[in-house]
Amino acid sequence: MIRIRFGMDVLLVVLLATCLLTPAHGTPLEWDFAVTLRTKIQFMDSSWQTIATAAHEFDELSALTFDESEELIYFNDLKHRNGSIFSLKRDLIAANHVAEQTIARTGNESVGGLAYDPLNMNLFWSDTEQRKIFFAPIHGSVTPKVLVDLSAEGGRPDGVAVDVCRRKLYWTNSNVTHPTVERINLDGSNRTVIINSDIDMPRGIVVDQLSDRLFWIDDLKGVFFSVESCKLDGSDRQVVLKDKHHEPLNLAVTNDAIYWTDRTTRAVWSHPKVPVIKVTTTSKPEEEDSTDSTDFKDPEPVAEDCPLVRVANLSEEARGIVVRTGFYQRLQKDHHCASIVRKVKERVVEQNRKFEIRSMLDQKIKVLEDERCMNGGEYRAATDLCICPTGFKGSRCEIRECHNYCVHGTCQMSELAYPKCYCQPGFTGERCELSVCSGLCLNGGHCRVSKDENEAPSCECPAKFGGARCEQNSTEICSLFCRLLKHEPEMYVPFGCHSICEELAQDNSTNIAVPQYEHLEVCLTPRVWTSSVIIILVVGIVSSLLLVAVIVHGIRRLYKPKRPRIRKTFVVRKQARTNSAGDTPLTNRPLATEQCEITIENCCNMNICETPCFDPKLVEQTLSKSSCKEDKKILIHNMEDDLY
């Protein structure tokens with residue numbers, strides 16, 4: 001009987017150890033990001049792959065916060081009848097998540113933002129309906145108390161964030177008529193407005209303990225939004241990015257990037273923490289996660305390319321977001337946070353002692369648990385996790401962060417517990433993976449690296465090559481001078497080209513391909529009679545001839561003499577005198593009483609000019625009796641009668 005019981009004890013120890021050492025499927029032992037959707041909480045790793053989901057029994061999740069000391073997530077459900085704020089923790093035996101009510105519902109609350117103080121174990125949240133900020137301890141059924149009341153002044157609290165090290169609470173006032181970013185001590189004293197200008201509708205806010213800065217989202221007028229930053233006292237304000245077609249709610253900050261949730265695109269976006277004043281560009285989305293696939297329309301891109309990345313596509317509307325920052329590992333040496341971190345760790349250690357069981361079986365399990373954390377890691381029985389010392393990571397602290405991190409250099413841990421590489425001479429890059437000689441020397445040149453780090457690498461060129469990178473072929477350059485040397489023997493030739501010219505002369509230059517150097521084309525004979533020059537010349541000559549012809553014609557017209565006026569006088573008489581045998585009608589003038597004179601100007605024969613000869617008086621008499629053709633006949637006939 002004793003043997004059977006002892007065997008069962010050993011079997012039970014083995015089974016429990018196996019359960020503790022083997023993570024169950026769907027349990028986020030190593031999650032880095034947690035995002036609240038409308039009906040669930042989604043856990044993702046550092047590459048934004050979904051590893052688990054939880055809180056499926058809720059209908060309208062919104063804000064959330066994370067207690068890194070005890071691995072607890074606190075979240076809000078807007079439609080739950082009994083509770084307002086809940087906690088989510090892992091069940092070690094069932095290998096799943098258990099949600100418990102933390103803050104009971106007292107009315108029609110509408111939680112906008114959540115924050116947690118791990119030292120005093122208090123929750124802080126903003127109520128957008130009552131326009132107040134409340135706080136309450138997570139243990140016990142204490143009625144929530146009001147920390148800040150903005151209802152009298154018309155304010156609307158939205159995002160909240162706790163500065164654990166300096167014991168202050170920051171919040172955003174999203175009232176469009178008077179928006180602000182404010183802070184107050186956790187005991188309710190010394191309320192201060194730190195931002196009240198150039199701001200439209202601030203939403204989520206977060207305190208970055210690593211850089212001692214504030215980051216918040218500003219929902220600008222129209223379709224624009226921005227992410228801004230400042231020091232904890234409101235100074236050194238910077239615009240990290242400005243974009244459009246997003247509806248961001250909450251944000252989280254890591255060592256080098258900012259992440260925020262967007263309800264419009266149902267996605268999580270990221271951007272470097274370095275300020276970029278220019279308008280950014282929305283990048284194309286990555287492939288959707290197999291766990292949550294949905295159809296979406298990518299936002300309209302803007303003008304410029306910028307490091308704005310869509311890191312995760314979600315199946316539902318994205319709301320709250322938290323990130324694992326390594327608070328207790330990164331800030332152990334920070335002069336503002338060292339004492340707070342020490343106190344929190346002491347409290348956690350004290351709580352862990354309550355979970356120790358004094359039985360022999362439990363002591364054996366305790367040995368297995370302690371052996372789970374390697375490299376000096378501290379085991380947390382309540383959460384079944386290892387808190388690793390600086391320089392190690394992994395679920396059991398089994399991975400050295402500097403292992404194979406630097407390719408050509410020495411790895412050391414920085415003050416913020418991140419690996420940093422010190423490169424060997426001739427190598428550069430974040431991990432010393434880039435050679436300074438890579439692609440530098442051409443045409444077989446050899447790269448030389450000086451021992452002086454400030455001196456640039458140089459190239460040792462082979463024969464017949466030169467230049468800073470051995471890019472100049474002296475044979476090809478000298479061949480140009482050799483070609484000109486045949487025509488001008490006295491021409492100057494650079495040093496070293498004479499021997500090459502002799503070699504080319506012996507080979508008749510048949511085995512050398514002479515290149516075309518535009519900067520040396522001045523040495524060649526220029527081509528004068530090109531097609532464009534000929535066309536321009538012909539057009540110029542023709543135009544000149546036409547211009548001369550026009551000028552000559554104009555001069556001739558200007559100086560041409562006028563045609564003389566023809567004036568003729570005809571003498572008409574009734575009857576010729578017969579007193580002289582030699583008198584004729586043309587030689588004998590008629591008597592004054594028997595003759596008349598007709599003066600015709602500018603007239604001539606009808607066959608020669610256009611002006612006919614006629615008697616104006618006779619025309620007046622016969623104008624009404626005959627036509628124009630008959631008048632001409634009469635005039636000519638009368639003229640013949642008078643002349644002959």
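Backbone N, Cα and C define each Cβ position, glycine as well.
Feature annotations, courtesy of Swiss-Prot:
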type	residues	note
DISULFID	Cys402-Cys411	disulfide bond
DISULFID	Cys406-Cys421	disulfide bond
DISULFID	Cys437-Cys447	disulfide bond
DISULFID	Cys441-Cys459	disulfide bond
DISULFID	Cys461-Cys470	disulfide bond
DOMAIN	398-430	domain 'EGF-like 1'
CARBOHYD	Asn82	N-linked glycosylation site
CARBOHYD	Asn108	N-linked glycosylation site
CARBOHYD	Asn175	N-linked glycosylation site
CARBOHYD	Asn190	N-linked glycosylation site
CARBOHYD	Asn313	N-linked glycosylation site
CARBOHYD	Asn473	N-linked glycosylation site
CARBOHYD	Asn508	N-linked glycosylation site
REPEAT	121-166	repeat 'LDL-receptor class B 1'
REPEAT	167-211	repeat 'LDL-receptor class B 2'
TOPO_DOM	27-531	topological domain 'Extracellular'
TOPO_DOM	553-644	topological domain 'Cytoplasmic'
TRANSMEM	532-552	transmembrane segment
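Shown here: features listed in Swiss-Prot, placed on the structure.
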| residue | record | Cβ within 10 Å |
| --- | --- | --- |
| Asn82 | N-linked glycosylation site | 8 |
| Asn175 | N-linked glycosylation site | 18 |
| Asn313 | N-linked glycosylation site | 21 |
| Cys402 | disulfide bond | 16 |
| Cys406 | disulfide bond | 22 |
| Cys411 | disulfide bond | 18 |
| Cys421 | disulfide bond | 21 |
| Cys441 | disulfide bond | 23 |
| Cys459 | disulfide bond | 20 |
| Asn473 | N-linked glycosylation site | 16 |
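Between the C-alpha atoms of Asn473 (N-linked glycosylation site) and Asn175 (N-linked glycosylation site), the distance comes to 71 Å. Among the recorded positions Asn313, Cys411, Cys470, the ones whose Cα sits within 10 Å of the Cα of Cys459 (disulfide bond) are Cys470. Below 8 angstroms of C-beta separation, residues 113, 115, 117, 120, 122, 124, 126, 133, 147-148, 150, 154-161, 217-221, 230, 232-234, 237, 248-253, 255, 260, 273, 325, 327, 330-331, 334, 337, 416 of the same chain, each at least six residues beyond the ends of the repeat 'LDL-receptor class B 2' (167-211), sit close to that stretch. Note: the repeat 'LDL-receptor class B 2' (167-211) comprises 0 helix, 23 strand, 22 coil (DSSP; helix = H, G, I, strand = E, B).
Most Cβ neighbours within 10 Å, among the disulfide-bonded residues Cys437, Cys470: Cys470 holds that distinction in the structure as shown.
Across the structure, Asn82 (N-linked glycosylation site) and Asn108 (N-linked glycosylation site) place their CA atoms 11 angstrom apart.
Across the repeat 'LDL-receptor class B 1' (121-166), mean pLDDT in this model comes to 92. Cys437 (disulfide bond) falls outside any helix or strand according to DSSP and counts as coil.
The separation of Cys461 (disulfide bond) from Cys441 (disulfide bond), Cα to Cα, is 8 Å.
The disulfide-bonded residues Cys447, Cys461 differ in how many other CB atoms lie within 10 Å of their CB, and the one with the most is Cys461.
A strand conformation is recorded for Asn313 (N-linked glycosylation site) in the three-state DSSP classification. Ranking the recorded positions Asn313, Cys402, Cys411, Cys437 by the distance of their Cα atoms from the Cα of Asn175 (N-linked glycosylation site) places Asn313 first. Secondary structure at Asn473 (N-linked glycosylation site), as computed by DSSP, is strand. Proximity of Asn108 (N-linked glycosylation site) to non-local residues of its own chain (separation of 6 or more, Cβ distance below 8 Å) is seen for Glu129, given in sequence order. Residue counts for the domain 'EGF-like 1' (398-430) under DSSP, helix first, then strand, then coil, are 0 helix, 14 strand, 19 coil. The C-beta environment of Asn190 (N-linked glycosylation site), restricted to residues of the same chain at least 6 apart in sequence and closer than 8 Å, consists of Ile184. For the recorded positions Asn313, Cys402, Cys406, Cys411, Cys421, Cys447, a Cα-Cα cutoff of 10 angstroms around Cys461 (disulfide bond) retains Cys447.
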